[in-house]
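One structure is given below, represented as structure tokens, and several questions about it will come after.
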């Protein structure tokens with residue numbers, strides 16, 4: 001989950017992302033002393049002990065604090081273990097002393113208290129104090145979307161469809177409740193467990209909007225992650241849940257290629273590209289991608305919000321209905337991984353010079369997929385047109 005301008009803990013995983021397995025003692029051989037991993041673990045234990053001391057006694061009575069796994073402008077996320085069941089959970093601690101923190105907390109809780117869906121992270125219980133709110137939630141331990149893709153040896157269009165079915169099903173549920181996520185991106189799509197058949201969980205509702213009882217479902221707040229933001233948001237127009245469908249189109253493009261359809265180091269140039277809505281299917285692995293897959297993307301990345309597919313229509317698209325039956329079963333994993341590495345590398349601008357280590361992706365690419373996270377910096381509209 002996220003709030004305000006959330007950021008990741010380095011080198012640990014993001015809020016509500018997978019918690020690294022507790023490693024064995026990494027002490028060096030022959031009395032060489034502890035290695036860097038052991039030192040990092042020791043430092044984390046000290047950090048957790050200090051953090052635990054500030055926890056509400058009611059929380060400590062029910063949960064053992066295991067690790068700090070994420071932080072945001074108004075929050076910290078820790079991995080915990082329920083004392084009686086030994087089941088792992090995540091606790092998000094929201095600081096509510098300041099107005100911004102209170103508003104973020106109220107916004108997030110207004111959504112989480114309403115949702116219950118197999119593809120959406122579940123709020124389990126809440127503890128409140130004068131200055132803090134503790135949200136106990138499901139813990140996704142299976143890793144981020146692209147971490148899993150790189151780690152596995154094979155990835156086909158059918159694998160992509162299976163993922164997108166779960167995401168679209170979750171979005172359809174949210175939209176039926178008049179809830180708009182407003183920050184859909186790969187980092188917020190987590191595997192529930194490490195198993196091969198794990199489901200996907202939609203997480204991070206820090207920017208989500210819950211429709212008013214009056215029936216007014218339009219929004220005006222300029223927020224989101226720039227690479228995934230819909231053009232109507234940039235134009236300062238009142239917008240609807242169709243912004244989530246634009247983001248799903250961006251995610252689909254990235255999932256099939258390892259690249260983003262709209263990308264630029266300059267935020268102003270990035271916004272111009274989004275407003276033009278022009279992208280292409282050049283380079284690997286696009287020649288191997290089916291026409292139906294591209295049609296699915298094309299029906300989402302439409303400038304006119306009212307013409308985009310809804311989540312229900314996305315689930316009924318022929319590419320999804322047939323589970324990509326007419327598509328090539330070619331393994332796309334190598335090309336996608338290479339493109340992910342290329343984008344992660346600050347020195348590489350071509351597939352041929354892309355780095356290939358998984359660790360390089362883990363440390364670099366996560367920051368590249370959403371270089372300017374959450375609430376975006378406003379630019380004069382005239383500069384974008």
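Each residue, glycine too, has its Cβ placed from N, Cα and C.
Remember, it's a predicted structure, so these values are computed and weren't measured experimentally.
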Kindly point out which candidate in 54, 87, 92 is recorded by Swiss-Prot as part of the ATP site with 69, 70, 71, 72, 73, 74, 75, 76, 77.
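Given 69, 70, 71, 72, 73, 74, 75, 76, 77 bind ATP in Swiss-Prot, the matching entry from 54, 87, 92 is 92.
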Pick out which of the binding-site residues 69, 77 has the most other Cβ atoms within 10 Å of its own Cβ.
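Of the binding-site residues 69, 77, the highest Cβ count within 10 Å belongs to 77.
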When DSSP states are folded down to helix, strand and coil, where does residue 73 (ATP binding site) land?
coil
For a quick check of understanding: among the binding-site residues 71, 73, 75, which residue's Cβ has the most other Cβ atoms within 10 Å?
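Result for the most crowded candidate: 75.
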Tell me, roughly as an integer, the mean pLDDT over the domain 'Protein kinase' (63-320).
94
